[in-house]
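Taking it in order: structure first as structure tokens, then the write-up.
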Amino acid sequence: MQKQPEVNPKKHLWWCSILHVINDGYITSLALLLPFIAKDLDLTYTESGLLKTAIHGAISISQVPAGFLAERLGDIMMLGIGALWFSCSYMILFLAFSYSLTLVLILSAGVGGGVYHPVGTALVSNVYLGEKSGSAISTLNFFGDVGKAIFPFLAGVLVIRFGWRVNCAVLGIVGLGTSVSYLFFFRKEICLKRLSPEDLVDES
């Protein structure tokens with residue numbers, strides 16, 4: 001019988017925190033990009049508003065299915081797929097030259113973006129037990145706010161210098177690389193569909 005891989009809580013916390021930076025950073029920066037997208041594609045106020053509604057609607061709706069899928073595929077696999085999906089959708093906006101394609105990609109981005117919070121929070125909660133769980137979740141939430149601060153700044157610089165499409169390509173590649181690295185780093189633990197206290201190793 002093959003021995004199950006042991007789980008290091010700190011590694012999961014830091015990787016989940018990095019993914020949180022990207023996830024919340026994408027969501028916040030997309031709001032900043034909407035006026036530039038609207039101007040470039042000559043959108044009406046209604047069409048612009050629908051884009052914002054689309055991403056937040058997709059994020060909300062996809063969270064429950066993401067939780068169910070995580071129970072079947074595993075937290076690590078689902079978290080990696082969600083981040084990869086979000087990053088690819090964000091990056092491919094670079095090629096969106098019509099309103100219909102932009103709307104589809106925004107919806108797709110929302111689906112990927114809805115995975116992180118139910119799955120990432122559950123994963124960290126499972127590997128940090130008792131008194132340590134509070135500080136772990138606080139750390140996780142802190143990095144989400146870091147993403148909300150950093151990504152709009154980066155997006156602003158990139159949009160002013162190169163345009164919104166280049167911004168999507170550059171930041172999308174960052175997320176894509178991080179997502180693939182996450183799945184590769186935890187490739188031996190993907191078989192653990194739900195991390196449990198029995199899998200943990202000493203953090204020190």
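A Cβ is built for glycine as well, from the same backbone N, Cα and C atoms used for every other residue.
Residues or ranges marked as domain 'Major facilitator superfamily (MFS) profile' in TrEMBL: 1-204. Look at TrEMBL and you will find 12-38, 76-97, 103-130, 142-163, 169-186 tagged as transmembrane segment.
With pairs at least 6 apart in sequence, the transmembrane segment (12-38) and the transmembrane segment (103-130) have 3 or more Cβ pairs within the 8 Å limit; the two touch. A Cβ distance under 8 Å defines the sequence-distant neighbours of the transmembrane segment (169-186), meaning residues of its chain 6+ beyond its ends; these are 11-12, 15, 18-19, 22, 25-26, 29, 76-77, 79-80, 83-84, 86-88, 90-94, 151, 154-155, 158. A Cβ distance under 8 Å defines the sequence-distant neighbours of the transmembrane segment (142-163), meaning residues of its chain 6+ beyond its ends; these are 17-18, 20-29, 32-33, 36, 170-171.
For the domain 'Major facilitator superfamily (MFS) profile' (1-204), the model's average pLDDT works out to 91.
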